């Protein structure tokens with residue numbers, strides 16, 4: 001019987017690749033998707049569809065009540081515009097949800113302990129390091145230190161693409177034969193991707209770097 005692993009799966013291309021990576025490694029993934037009140041709720045719908053198609057264990061957990069305590073992010077507050085441009089720009093800090101990955105990983109670790117799983121996979125990568133403190137190698141290292149002492153059972157947090165950028169993730173996923181039309185990246189909660197937010201810009205750059213056209217629909221195309 002293969003080992004169980006909890007995969008934090010948003011529905012985006014990074015976690016989509018991580019999910020398949022776990023399966024390729026012969027692990028049994030338990031996908032965990034969080035509704036934290038994000039305006040790009042479409043990613044949850046995509047995650048459900050993918051997991052159903054793959055026959056993967058999947059839970060969608062509503063933690064949107066945290067927004068009674070945590071605010072100031074354009075991802076959860078519709079009164080704040082989602083910044084346009086590249087992630088390296090200072091304006092992209094408006095997309096930071098305070099303490100998000102610490103909260104999500106804490107819940108995922110608890111789920112892993114309950115399942116008897118020894119690892120939690122999540123899709124942090126080098127393109128996130130500039131803006132998101134909770135995607136940096138030092139954060140993963142320190143969270144692993146905490147995870148090692150928080151329970152009787154040790155759970156490792158593993159980010160297979162921590163030192164890869166999005167184009168590298170895409171390259172690996174393409175080598176696995178993955179279909180990225182089954183992913184959602186845009187931070188704006190509209191029917192088509194905007195093509196202008198940091199998440200869209202980075203995604204489009206990744207496809208361009210791999211000499212490909214992005215298979216999802218954009219508003220300006």
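Easy rule for this one: first residue shown is 1, then count along the chain.
Placement of Cβ uses the backbone N, Cα and C atoms for every residue, glycine included.
For 9, 10, 11, 12, 13, 14, 15, 16, 17, 18, 19, the entry in Swiss-Prot reads ATP binding site. Reduced to three states, the DSSP call for residue 15 (ATP binding site) is helix. Cβ neighbour count for residue 15 (ATP binding site) (all protein chains, 10 Å cutoff from its Cβ): 26.
Under the heading Zn(2+) binding site, Swiss-Prot lists 186, 194, 197, 200.
In sequence order, 47, 123, 183 are the residues of the same chain, not among 9, 10, 11, 12, 13, 14, 15, 16, 17, 18, 19, whose CB sits within 8 A of the CB centroid for the ATP site. Of all the binding-site residues in the list 9, 11, 15, 17, 19, the shortest Cα-Cα distance to residue 186 (Zn(2+) binding site) is found for 11.
Counting other Cβ atoms within 10 Å of each Cβ, the lowest count among the binding-site residues 13, 194 belongs to 194.
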